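The block underneath contains the structure these notes are about, expressed in structure tokens.
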């Protein structure tokens, strides 16, 4: 069968499959078909709930199978290692906290991989950025193998006083420093994270076989490079691989702790499941590796990405992953490669981060859909389910708060926490860590903050910037609070409206309402007491910050 015909059939097939999945979920939601229910529908179990429950079950199953595959791969390490290609570690730095940057560079120095090339590119060449070059000299600059260059320009914008000849000379100097040095640091004109990554990739060219990416707030496990490299060298159809990203400062605040349990679920359940089918949709910036031969193919297209006529300057890592998928190569995840990274400790900075990630998610969802036909049907199915789920959830919440009864609202809240407890219990089993039970707390954060942030992200999808602000910068942007405030007002208004319009409670409904309220209250009291007893007492105690041996560097 001709290749063009095969491709056309796959495009049609995956498109019909995506429509069937979306149509099935929509039909189940609209019809509200119920398998079982009590009299007057105080309790019920319907088709829509069954579909969501089945999705979570299947996702958890394939995540478990992928972890079992990883463990078996680890047991096979006694066999002779295959030929190892050359690797360059590229670190993107911007207004980084000095302590985090030192930890990052020291961890890079300790990586157990011979002849690893380390390239750090600093986004900024002003006097206030010079401390990062000083830290580079302090940690890695004490040998003849180290080199650096302070560049007035970058590859796409000339600095003040630069001529065409001096700009070209600067480009050549950057390439020479990067290729001739084992450890190199380039300070360049500010241009954003994508500009920084481009400089590292462009300067390396085809001088290495694989490129590992890393953020400057990341502490790397000594074995992280070899573990990701093993995945790439075992299967030539794998174009990129990501590792297990955990939180470096998880006990700094309640928001960083909840982020830590959410990270674990995102990587070890959601991405592990995607990895089983070879379609991980985002190789995270703190820990990822790509085949350089592929990266150099799409480097210019990746850098010059546009959306709705505007140049894209966020979602760099997700688009990098999408470019690999667009070529038909598989993307994988390995929990055997680990790192620790900083996460926001303040609610506002966390909200800004999540809004930006949501922007890149929805934008890249559209790009990713162009390549559904090149990969397993799971990628199509999961993209449809996760892409449309927030909208179904918002519609459900608004309907319940404005057209339901008080009991319906309480039952919904109880159901949300029940699903959260089930997922948290599974995570406790899979990870072997009782702390994962607090994953159920994250559901409240999702309902109250992430849902409105996603809608706001779509509305402002073309607004750009560097990313989450540098660790030395105090966040003063309160714009993210606007959608959250509106959402809370909508919910409170709906609750008041429902309470005002509702008839007197029947005896049965009153009994359900009192029982449900007591159960919901007891749940939160118990979980908060556990949090205060187990987690809160650790906050601020630096010796307990790190759960991995490689963190103390």
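In case you wondered, yes, glycine gets a Cβ from its N, Cα and C as well.
As a summary of secondary structure, the topological domain 'Cytoplasmic' (1-15) carries 13 helix, 0 strand, 2 coil according to DSSP. Annotation comment: Swiss-Prot describes 1-15 (among others) as topological domain 'Cytoplasmic', evidence class sequence analysis.
As annotated by Swiss-Prot, transmembrane segment applies to 16-36 (among others).
Residues or ranges marked as topological domain 'Extracellular' by Swiss-Prot: 37-44 (among others).
Note on the transmembrane segment (45-65): residues 24-25, 28-29, 31-37, 268-270, 272-273, 276-277, 378, 382, 385, 415, 419, 422-423, 426, 430 of its chain, located 6 or more positions outside it, place their CB under 8 angstroms from a CB of the stretch. Summarising the annotation, Swiss-Prot assigns transmembrane segment to 45-65 (among others) and lists sequence analysis as the type of evidence.
Averaged across the topological domain 'Cytoplasmic' (66-377), the predicted model reaches a pLDDT of 94. Summarising the annotation, Swiss-Prot assigns topological domain 'Cytoplasmic' to 66-377 (among others) and lists sequence analysis as the type of evidence.
Swiss-Prot lists 378-398 (among others) with the feature transmembrane segment, giving sequence analysis as the kind of evidence. For the transmembrane segment (378-398), the residues of the chain that approach it from at least six positions outside its boundaries are 14, 17-18, 21-22, 25, 29, 55, 59, 62, 273-274, 276-277, 279, 281, 362, 365, 368-369, 372, 412, 447, 451, 454-455, 490-491, 494, judged by C-beta separation under 8 angstroms.
Through the fold, the topological domain 'Extracellular' (399-408) approaches residues 42, 490-491, 494-495, 497-499, 502, 505, 509, 512-513, 516 of its own chain, all at least 6 residues removed from its boundaries and within a Cβ separation under 8 Å. The annotation topological domain 'Extracellular' is assigned in Swiss-Prot to 399-408 (among others).
Swiss-Prot lists 409-429 (among others) with the feature transmembrane segment, giving sequence analysis as the kind of evidence.
Residues annotated as topological domain 'Cytoplasmic' in Swiss-Prot: 430-440 (among others). The DSSP breakdown of the topological domain 'Cytoplasmic' (430-440) into helical (H, G, I), extended (E, B) and coil residues amounts to 9 helix, 0 strand, 2 coil.
Outside the transmembrane segment (441-461) by six or more residues, the chain places 258, 261-262, 307-308, 351, 354-356, 358-359, 361-363, 390, 393-394, 397, 416-417, 419-420, 480, 482-484, 486-488, 527, 531 with a CB less than 8 A from a CB of the stretch. Residues or ranges marked as transmembrane segment by Swiss-Prot on the basis of sequence analysis: 441-461 (among others).
Swiss-Prot lists 462-473 (among others) with the feature topological domain 'Extracellular', giving sequence analysis as the kind of evidence.
In three-state terms derived from DSSP, residue 462 (N-linked glycosylation site) belongs to neither a helical nor a strand segment and is classed as coil. For 462, the entry in Swiss-Prot reads N-linked glycosylation site, with the evidence type sequence analysis.
Annotated transmembrane segment per Swiss-Prot: 474-494 (among others), in sequence order.
The topological domain 'Cytoplasmic' feature in Swiss-Prot is assigned to 495-515 (among others).
Within its own chain, the transmembrane segment (516-536) has Cβ neighbours under 8 Å at 251, 254, 257, 407, 410-411, 413-414, 417, 435, 437-438, 440-441, counting only residues six or more beyond its boundaries. The annotation transmembrane segment is assigned in Swiss-Prot to 516-536 (among others) on the grounds of sequence analysis.
What Swiss-Prot records for 537-553 (among others) is topological domain 'Extracellular', and it gives sequence analysis as the kind of evidence.
Counting only same-chain residues 6+ beyond the ends of the topological domain 'Cytoplasmic' (1-15), those with a CB under 8 A from a CB of the stretch are 372-374, 377, 380. Packing against the transmembrane segment (409-429) from elsewhere in the chain are residues 42-43, 49, 56, 60, 261, 264-265, 268-269, 396-397, 400-401, 436-443, 447, 495, 498, 513, 516-517, 519-520, 523: each is 6 or more residues past its ends and has a CB under 8 Å from a CB in it. Cβ atoms under 8 Å from those of the transmembrane segment (16-36) belong to residues 44-48, 50-51, 369, 372, 377, 380-381, 383-385, 388, 392, 395-396 of the same chain, restricted to positions at least 6 beyond its ends.
Here the topological domain 'Cytoplasmic' (495-515) has, by DSSP, the following mix of helix, strand and coil residues: 16 helix, 0 strand, 5 coil.
Remote same-chain residues near the topological domain 'Cytoplasmic' (430-440) are listed as 63-64, 67, 257-258, 261-262, 264-265, 268-269, 417, 420-421, 423-424, 527, 530-531, 534-535 (criterion: CB distance under 8 Å, separation of at least six residues from the stretch ends).
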